[in-house]
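Q: My structure is below; once you've seen it, I'll send some questions.
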Amino acid sequence: MDRIVQGIGFCQVKQVFAPYSPHLFPDAFPGASPGDCQSKDRAKEKGCQGDPDQYGNHRAPRIVSLKHHWWWMMNTVWDGMEETRDFDGHILFIEEDHYIFPNAYRNAQLLVDLKPKKCPQCYAINLAPSDVKSRGEGWESLVAEKMGNIGYAFNRTVWRKIHAKAKQFCAFDEYNWDITMWATVYPSFGAPVYSLRGSRRSAAHFGKCGLHQGQGSSNVCVDNGSGAVELEDADKVPNIKADWPVRVIQRQEGYQAGFKGWGGWGDRRDRELCLSFAYMYHVKDPSSS
């Protein structure tokens, strides 16, 4: 992975590393500290430390690092990095298992330009439907729906709204950052959080190996490329038209307000570390709020 990043030559690159990772601290928090409770241990009976989640499970460093990493990255990109901390425009976020189509950059530019005119209530733009398995509808229209987690971009105004909900984000007993956003942060904005996209995807999730697939020693997951994405001619050129209308998908499927979370995020140390990320580039003392 590191060599791939080092080999990028078509644009400027700045590589940053999350400092509080279980990979760097395998024998101390946020890795596994000596004396930590595991699984469904009872702290008083076993003499171990830790706070169980709502289902009685103690923290698993590999799991909670998902939410920590995303929140640290967001705070670092928006408020920490010299290159971006004064940038107010849209920033596009993609991940290592997202395949970006040749038309993605131009389509993103078009969506950002059209958003204030076509969908002023939209918070973001997306390169793919919120349903990660969908290739899009193929309509001759733009689509406004719930924000997806593949190829999303928003501006500093939206980031400030998200950052203002740091307490809710860090306190919610859910180890997935995206489910945390859908179930507690977005609903707190007071109105549906729409994202504008085209009716054909410009990015896709590929591969079959992930957090929950074949991570044990007896069932190691090997990705043989079966998840490769097939491109059509329409995916190679900008395929969004400025005169298209917008179809609003008002029924937002999936996780919503009221979902209590899958857990995994009950330990007060994780919640405190999460909050510290929110204020690490600000003068404000997290203990004062």
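Placement of Cβ uses the backbone N, Cα and C atoms for every residue, glycine included.
In TrEMBL, annotation is done automatically, which means it is predicted and not curated.
According to TrEMBL, the feature region 'Disordered' maps to 35-55. Marked as disulfide bond by TrEMBL: C37-C48, C119-C122, C170-C274. Sequence annotations record features per position, and here TrEMBL assigns compositional bias 'Basic and acidic residues' to 38-48. The Mn(2+) binding site annotation in TrEMBL covers D97, H205.
So where do these features actually land, and what's packed around them?
A: Taking Cβ pairs closer than 8 Å, the region 'Disordered' (35-55) reaches residues 173, 260-261, 263-268 in its own chain, all 6 or more past its ends.
Other C-beta atoms found within 10 angstroms of the C-beta of D97 (Mn(2+) binding site) number 15, with every protein chain shown included.
Every protein chain shown contributes to the tally, and the Cβ of C122 (disulfide bond) ends up with 26 other Cβ atoms within 10 Å.
Every protein chain shown contributes to the tally, and the Cβ of C274 (disulfide bond) ends up with 23 other Cβ atoms within 10 Å.
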Q: For D97 (Mn(2+) binding site) and C122 (disulfide bond), determine the Cα separation and express it in whole Å.
A: 26
Q: Between the disulfide-bonded residues C37, C48, C119, C170, where is the Cβ count within 10 Å the lowest?
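A: If we count Cβ atoms within 10 Å for the disulfide-bonded residues C37, C48, C119, C170, the smallest count is at C48.
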Q: Rank aside, I only need the closest one: which of the recorded positions C37, C119, C122, H205 has its C-alpha nearest to that of C274 (disulfide bond)?
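A: The answer is C37.
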Q: Just counting, how many other CB atoms are there within 10 A of the CB of H205 (Mn(2+) binding site)?
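A: I count 19 other Cβ atoms within 10 Å of it.
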Q: By CA-CA distance, flag whichever of C119, C122, C170, H205 among the recorded positions is nearest to C37 (disulfide bond).
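A: The smallest Cα gap between C37 (disulfide bond) and any of the recorded positions is with C170.
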